[in-house]
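A.B. asks: Annotated active site, nucleophile per TrEMBL: A:Thr185, in sequence order. Annotation comment: TrEMBL describes A:Thr148, A:Lys174, A:Thr185, A:Glu271, A:Asn393, A:Thr398 as substrate binding site.
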Protein chains: 2
Amino acid sequence: MNIIEGTIASPKGYYADGLHCGIRKEKKDLGWIVSTVPAQAAAVYTLNHVKAAPILVTKEALLANSELQAVIVNSGIANACTGKQGLAAAYETQQLIAAKLGIKSNQVAVASTGVIGKQLSMTEVKQGIVQLSQDNQTPAAFHEAILTTDTGTKEVVVTAEIGGQLVTMAGVAKGSGMIHPNMATMLSFITTDAKIDAALLSELLKETVDNTYNQITVDGDTSTNDMVLVMANGCADNQEIIVNTEDYLLFKKLFHFVAEVLAKKVAQDGEGATKLIEVQVQHGQTKEAARLIAKKIVGSSLVKSAMFGEDPNWGRIICAAGYAGPELEAGDVDIFLGSEQVLKNGEPQEYDAAKVQEVLEKESILIVVDLKQGEATGVAWGCDLTYKYVEINACYHT
Amino acid sequence: MNIIEGTIASPKGYYADGLHCGIRKEKKDLGWIVSTVPAQAAAVYTLNHVKAAPILVTKEALLANSELQAVIVNSGIANACTGKQGLAAAYETQQLIAAKLGIKSNQVAVASTGVIGKQLSMTEVKQGIVQLSQDNQTPAAFHEAILTTDTGTKEVVVTAEIGGQLVTMAGVAKGSGMIHPNMATMLSFITTDAKIDAALLSELLKETVDNTYNQITVDGDTSTNDMVLVMANGCADNQEIIVNTEDYLLFKKLFHFVAEVLAKKVAQDGEGATKLIEVQVQHGQTKEAARLIAKKIVGSSLVKSAMFGEDPNWGRIICAAGYAGPELEAGDVDIFLGSEQVLKNGEPQEYDAAKVQEVLEKESILIVVDLKQGEATGVAWGCDLTYKYVEINACYHT
């Protein structure tokens, strides 16, 4: 596997663009990814019972048809809790893209990110759609167009030889760097030119998401607009990827790598964050239990505050492990901050304060919790809780 | 029911004291409540799988024997994650009190609150126990001795005529106003002179706790030391309270009132808090679902930040309702800030901004969410998320 410079349109047979149409004041706010041929596609959506209009429209399209040829995304307005008018706007956007490309509506996915409860102005959207370019001059503009107040774009591109051909996979994500409210939306799009069936792609997506995107947390608030969408257009002309072959395992590795890189970038750029925190829970009873405990630790406001303050407060870590849900034996637990052990078999350890301080001063902090129960590992990523987080989310008036 | 001035020792047949023994630098750190006769008793404990030593010791005592005559509490050290030495310290404390009072060890409950992972020094504890007074000169000192960095004591005393006699019920609690870490412990003690059987008392306690203490959240972190304990010594000499009688309903009302007042005081005095937030979820499908949604809304970092910023950001409220777990129909939901409606049947409403601003500027904010699903109501209490919260929990070095 090689990591290369590139964009969401680096895999063969894709183009992408992004521009400012007027939903936001100045920044780019509309973008698309188009495959020149129908692509096998799969998506996972927010589990929030309040789902934004574009989520409903995309879900319907993919249920009718596990192929996509285009994704249209706007930032600035989430089109969530916007009732009938909002749903009509999402459908109209989908139809306008289908008409422009001469494809079916259900080959177009729609995504939005931004403020909840405000209506999308179709005047701007329509004008923007007219201007979206069908060549591949500025694909990186798409990476920008999906951001809200993220501090930078988030992308990764990898290649590998699969099924006798060079296969490329690209991913892009937006995370949450809110100055405006209700923008804690996670959107991620992955393109590949690999030949793979939608059913297998969907299965792989679910598995990958459980280990990556679903294991990050910034503030515990699940948005109404989250979506991870993958398209595979087969333009690499590889021999089709079949389950449990060597090609499949390599493709899975690429997929997992792309998703993990993007998930970590989203965690690292969480609202107000100064540090990326990685929690590894080792020797858990089941994968689910280990993941859950890792996620609860990394999501604890007390652990997050301690990491901001660079304080080796392991009591908060074991406390969070204890309330995560799965059974654990406090008397068995070991905790390490970086490579320094602070708890052994549930008993406090004398540790080298200077070495621990070194670990905590880094921009990326590793916390290892060993449960000594079984063979499962769970990893989760998050960020510290800072004054800036409170500022971003309080010093705004709707 | 009358609300009166008083202390945890206001019900007949109790005395209490509190003093400084040296666990903390200057503040009171040891206290007890004693009943002159054995009292029927019940307790609920933290659901954290990591339980502090005093929790284990008290649980064992109450399992052996649903009677208590004394509770000994220290603040400053939580005696959690302290291994065998910590457990031995909790047992020794229990035995010292039993010896001093000439009662059985399993008639003594032990509770601690403070730093996780540090050992309790028995030298100070022993010295303090010697000094604890057996008259009732300074019962209010107990209210102080259980605090960590709460900004004030939390107590309530009520009376009513039950079973032909004046019955008194008193409650005291400590919440979380952390400057030192890992002190987010909730301890609450309730005394009454009513005559009631321990089994019925225990049933009532569980029901009451579900509606009150379990419905508050400051930061989502469940401590290793939480405990709510109630003693009923029968000294009021009322006719014994029997289930489903008028007396029972009145006693239940007193109990619920005391618990709710204390729970709200704990929420209001949450770390760094400037506002008490009450969320009422109406017309839920079940009580559990309504409670869960209310608690998720009041626990959302984004809702808490918005309340700190006095921002009418209802999008964050419906978003939290949506990810709470229970099914809901976004198109049915109404939201009110105070008495001002901001969402009706899932559609944004024009509202009087000045009136909404008035609601948000108050020290106590009411959020009402109407699901229009059924007949169940759930209420939860919390506080805003402020710079001070981050300061308290980050600007400390272990």
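Placement of Cβ uses the backbone N, Cα and C atoms for every residue, glycine included.
Keep in mind it's a predicted model, so treat the numbers as computed, not measured.
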A.B. asks: Go through the binding-site residues A:Thr148, A:Lys174, A:Glu271, A:Asn393 for me and flag any whose C-beta is under 8 angstroms from a C-beta on chain B.
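C.D. replies: Going by the Cβ criterion (under 8 Å to chain B), the qualifying binding-site residues are A:Asn393.
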A.B. asks: Return the single residue from the binding-site residues list (A:Thr148, A:Asn393) that has the minimum number of other CB atoms within 10 Å.
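C.D. replies: Fewest other Cβ atoms within 10 Å, among the binding-site residues A:Thr148, A:Asn393, is found for A:Thr148.
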A.B. asks: When DSSP is mapped onto helix/strand/coil, what comes out for A:Lys174 (substrate binding site)?
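C.D. replies: For A:Lys174 (substrate binding site) - judged by DSSP and reduced to three states - the answer is strand.
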A.B. asks: When DSSP states are folded down to helix, strand and coil, where does A:Asn393 (substrate binding site) land?
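C.D. replies: For A:Asn393 (substrate binding site) - judged by DSSP and reduced to three states - the answer is helix.
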A.B. asks: How many neighbouring Cβ atoms, not counting its own, are there within 10 Å of the Cβ of A:Lys174 (substrate binding site)?
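C.D. replies: The Cβ of A:Lys174 (substrate binding site) has 29 Cβ neighbours within 10 Å.
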A.B. asks: Count the Cβ atoms, other than its own, that fall within 10 Å of the Cβ of A:Glu271 (substrate binding site), considering every protein chain shown.
C.D. replies: 28
